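Pulled from TrEMBL, these are the features on record:
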type: BINDING; residues: 108-115, 191-195, 249-252; note: GTP binding site
type: DOMAIN; residues: 270-283; note: domain 'SRP54-type proteins GTP-binding'
Amino acid sequence: MAFEGLGEKLQETFKKLRGKGKLGEKDIKEAMREVKLALLEADVNFKVVKKFVKNVSEKCVGSEVLESLTPAQQVIKIVNDELTTLMGGSKSEIDFSGVGPTVIMMAGLQGAGKTTMTGKLALQLRKNYNKRPLLVACDIYRPAAIKQLEIVGKQIDVPVFQMGDKVSPVEIAKEGIKYARENSLNVVIIDTAGRLHIDEELMTELKDVKVAVDPNEILLVVDSMTGQDAVNVAETFNEALDISGVVLTKLDGDTRGGAALSIREIIQKPIKFIGVGEKMNDFEVFHPDRMASRILGMGDVLSLIEKAQEAIDEKEATELSQKMLENDFTYDDYLTALEQMKKLGPLNKIMEMIPGMPKEMKDIDFAAGEKELAKVKAIIQSMTAKERKNPKLIVGSSTRKKRIAQGSGTSLQAVNKLIKGHDMMRKQMKQFKSLTKKPGKKGLFGKLPF
């Protein structure tokens, strides 16, 4: 996940500060040197790093921080606040039109994931904003671009307007908006053509489309994996089109995160959405405050709850969590919990949202896709009813483990992995319990299946 390296380095720096108790200016200076290096290694723009470290340092050397009873926590809060400000301060919403359809123009280089993001945005607007979107295919150059958009549209149940590849993008865009009005569709998302690199012809065409349709939003889709290049691309597109916001893709990949921390400061335009996976649902509104919390290892409880509310049966989740707390968590319950969690997405992403979650627990993937879940099912179904209800029967019995491995067509290692996963989930629940305010009272994790 993006920011993992940066997050680990910053958290290590703050761990050192917490261990010192009272802090002096020398301690702050050393910590800021480490913060600066961590940001530069994360491919954050040098000018942005310089300004960020200067702002944090000035606020940290004041008497309120140095003379505080918890100076390290004050420093962390300042860094958290500055990170939030750096990324935009607060979320930026779509500017919906009061009259007629809202027109959103998607722009970006080829390979950034623009067409996929166009579909993900349409799905988000249909599901979460109760809108009736239309996708308009204006990429007439890339082979199979129109077909790709039609496949995406079918996948998310959103209509696609296209006029083939012989009509100009300006004409297609205008006719698409006309079609939307005639069919009571209230959002038009225009998928424009990209290029392998920025050129004058591309910019001229995009400017022509902008003039013709006067969009409410111009969203630039940027590949976060490209680091500083992403910032340069954003600058060029913003100068030409005066974009309204940025959509960052591939934030779930092995990217250092520099683009997300640089773009807002450099072009003074908000990051509105982020792509966090390959599935159409892997698309989130960008919350600067929540992202700052994730980077600093403080979790993102609000996003976690929002995901849970969308995907999970609350009654079933409450029963499961209660069973865990009462040490009555069977293997059948474990399977149910895994299936529920799979609806939320990869578990390592969920772990990142939980405050104070140890790194080794974030790295464990209990349900790594369909194959892993199928294996878990086979193992549990090879147990006797008595074994499923009483996990302790298997833990110390090599004979039972061997029989279950043979019956499920798996290995002894796979059975041991399941036992470990079951035990780890119970331990997680005990950690979550400490985050609730009163024993027995449903806390923040009442909607989660653990």
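From the backbone N, Cα and C atoms, a Cβ is placed for every residue, glycine too.
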Report task. Kindly report the helix/strand/coil residue split of the domain 'SRP54-type proteins GTP-binding' (270-283) according to DSSP, in that order. Result -> 0 helix, 6 strand, 8 coil
Query - Cβ-Cβ distance under 8 Å to Thr192 (GTP binding site), same chain, at least six residues away - result: Met105, Met106, Ala107, Lys114, Cys138, Asp139, Pro169, Glu205, Leu206, Val209
Query raised in the report: Relative to the Cβ of Gly111 (GTP binding site), which residues of the same chain, six or more apart in sequence, are found under 8 Å away?
Result: Gly194, Leu196, Asp223
Query raised in the report: Using DSSP and three states only, what is Gly108 (GTP binding site)?
Result: strand
